[in-house]
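Peer 1: Okay, so Swiss-Prot annotates it like this:
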- 64-79: compositional bias 'Basic and acidic residues' (COMPBIAS)
- Cys93-Cys108: disulfide bond (DISULFID)
- Cys100-Cys114: disulfide bond (DISULFID)
- Cys107-Cys125: disulfide bond (DISULFID)
- Cys111-Cys132: disulfide bond (DISULFID)
- Cys116-Cys123: disulfide bond (DISULFID)
- 93-132: domain 'Agouti' (DOMAIN)
- Asn39: N-linked glycosylation site (CARBOHYD)
- 61-87: region 'Disordered' (REGION)
- 1-22: signal peptide (SIGNAL)
Amino acid sequence: MDVTRLLLATLLVFLCFFTVYSHLPPEEKLRDDRSLRSNSSVNLLDFPSVSIVALNKKSKHISRKEAEKKRSSKKEASMKKVARPRTPLSAPCVATRDSCKPPAPACCDPCASCQCRFFRSACSCRVLSLNC
């Protein structure tokens, strides 16, 4: 009985090894440069060459300054977009994150809206967009 179990275990190991080995892609052995050129489907001369240039400290500072200028111009542009006249606040309104069940008045913040959950049982004023 032990011999048959040992034989079955050995057979199982060989089957596992054969299954794994059969799914591995075969390795191509290239003997020289000529076979590499004949087997490759893409010609390496078609691609442009790449040149590596070392940056000196002055060019690094210039690029940092340019990056800062770009960042500041983007911030200024976004600030210009955000600035818009706000409507005058009316006295009866609901503050942000306070309850605003349907008979309640509108939210005080013009960017906020009344959000209800659980079948309109829990409602609160929330700001949905950060750019507003």
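Think of each number as a place in line: the chain as shown, counted from 1.
Glycine too: its Cβ is placed from the backbone N, Cα and C atoms.
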Peer 1: Looking only at C-alpha atoms, tell me how far Cys132 (disulfide bond) is from Cys108 (disulfide bond), rounded to the nearest Å.
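Peer 2: Rounded to the nearest whole number, the Cα-Cα distance is 14 Å.
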Peer 1: Please list the DSSP helix, strand and coil residue counts for the compositional bias 'Basic and acidic residues' (64-79).
Peer 2: 16 helix, 0 strand, 0 coil
Peer 1: Far apart in sequence but close in space: which same-chain residues, 6 or more away, have a Cβ under 8 Å from Cys93 (disulfide bond)?
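Peer 2: Same-chain residues close to Cys93 (disulfide bond) (Cβ under 8 Å, separated by 6 or more) are Pro105, Ala106, Cys107, Cys108.
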Peer 1: Please determine which of the disulfide-bonded residues listed here (Cys111, Cys114, Cys123, Cys132) has the lowest count of neighbouring CB atoms within 10 Å.
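Peer 2: Each of the disulfide-bonded residues Cys111, Cys114, Cys123, Cys132 was scored by Cβ atoms within 10 Å; lowest is Cys132.
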Peer 1: Including all protein chains displayed, how many Cβ atoms other than that of Cys116 (disulfide bond) lie within 10 Å of its Cβ?
Peer 2: 13
Peer 1: Return the residues near Cys125 (disulfide bond) by Cβ distance under 8 Å, restricted to its own chain and a separation of at least 6 in sequence.
Peer 2: Val94, Ala95, Thr96, Arg97, Asp98, Cys100, Cys107, Cys108, Asp109, Ala112, Ser113, Cys114, Gln115
Peer 1: Take the C-alpha atoms of Cys123 (disulfide bond) and Cys111 (disulfide bond) and report the distance between them in angstrom, rounded.
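Peer 2: So the alpha carbons of Cys123 (disulfide bond) and Cys111 (disulfide bond) sit roughly 16 Å from each other.
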Peer 1: Fewest neighbouring Cβ atoms within 10 Å: which of the disulfide-bonded residues Cys100, Cys107, Cys108?
Peer 2: Cys108
Peer 1: For the domain 'Agouti' (93-132), how many residues does DSSP put in helix, in strand and in coil?
Peer 2: 0 helix, 15 strand, 25 coil
